[in-house]
């Protein structure tokens, strides 16, 4: 087939380029981290992250406890903005593995524990702190049986306290099982954006890429009492005999003063059929799928009910009556006003300027910025571009999106301000308030919490240098873009009201039921749409698990936006029917109530499920 260059449309050229690219490679994958292959006996060092707990939200450094340190010293891994804000502190560790070599090794023996170390170990043990270890970017997984059911946990406990006992025992022996998959280089292009950066494996590198991939990392923690006199004669990485986890407490290592703790580990490599692109499936198993679908169906029922009300209001009542009212002249309007009732009486006041118009514009502008950030982030996460393998990527992406969406916030706020006032005068102050209102509140809360974390010596504390980075991002990116958006808002054509506004405002009759009660009741419907998904999110945060059902979250977000819009419309109509033309703030808080309810539920969940030291 011969194509003429002049007659050939542009879409055909694009199609040919796609075919050529498809012909050049047999597969394409975007997993979230760059694949590593290892040869037999290659050394692999595990990394350790901050100690975390389901009892308290204060993370601590791994080396804040008397653990063995690597021979080369403690070195921190590269951390991005999201990792620092999440309190992650990834360090190197002395745990060394050699590919496909099963061995039992000795690490070190501590000095006699002093009173402070004993108190710290007991406190971390009783607060259920977990040690988080990483091998080839995979968190270590522990499988525990509870009521005959296997439960997967990431990390392993610092220690344990037997029932009906005041003694605490430390975990000092680890049995690792590393699942490996033999990989033969092929014409597969792999693009990754993990903590090691972006990389591509092509056909030319297949010989170099051939080897073994790590597709699983499991651990069985044990507490074993060793003779310190015998163990101190050994050196790090000396071989020892395999150890069976003792069930008797007298053979376990107790935490007490003047005790010397010996740390050992053993590793077993097991070949697996799991392929490298699927190695995160074990961590991302979706639990409670039926509950997610039930939440979505429940939301759809609420939307259908509200949509029916809105349909009746607009198509059968408001639109017809409003058209008839506009066709009348002033004399006819005055004559028909005696027969009118409900919202028809306030048609000349419905677009009157609300109280505190500047604050309303600022809050709506910030709301657009936050909603846009959430929507775009969830879309990218649902498409798989924010893999949990890239730690901190989700939070970093949210911050970057929030900064650049300042232009939308400034535009919406100033455009609404110009519509309410009829002039662009004062748009600079509106833009500045939009740029500083919400971030200012966040910075105040962040500073207060940071002082608490500093006092607790937690890794969750933000260093001073990061404060300057955040301030620089705020005033060098967000504020200028918000001002640019505000300037564009002054150039946009203001919204024209469909009805005339009377010069004298109409008196609002007294009501038996306060308006805030109606607003609060209307806000429960959007919160009901989000409640079940919010429970899963909070449970994932407190239990240290991965939340990765962003497909469901995206659907819930779309349903939430629809419900909020419908609730605002219905509530506004109800207020106008009782001759209350002050609908601006009511409509705003009808949807905004979900924020207060979410915050209340967040605090309730925090204090009912989490212990804060």
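Just so you know, the numbers here start at 1 and follow the chain as drawn.
From the backbone N, Cα and C atoms, a Cβ is placed for every residue, glycine too.
Not measured: the values here are computed from a predicted model.
Features as listed in TrEMBL:
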SIGNAL    1-27  signal peptide
TRANSMEM  293-315  transmembrane segment
TRANSMEM  359-386  transmembrane segment
TRANSMEM  392-417  transmembrane segment
TRANSMEM  429-454  transmembrane segment
TRANSMEM  466-488  transmembrane segment
TRANSMEM  516-542  transmembrane segment
TRANSMEM  548-571  transmembrane segment
TRANSMEM  583-607  transmembrane segment
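Scored by C-beta pairs under 8 angstroms, the transmembrane segment (548-571) has its highest count with 583-607, from the stretches 392-417, 429-454, 466-488, 583-607. Between the transmembrane segment (392-417) and the transmembrane segment (583-607), the number of CB pairs under 8 angstroms, six or more residues apart, is fewer than three, so the stretches are not in contact.
For the transmembrane segment (466-488), same-chain residues at least 6 beyond its ends with a Cβ under 8 Å from one of its own Cβ atoms are 81, 84-85, 399, 402-404, 406-414, 427-428, 430-432, 434-436, 439, 443.
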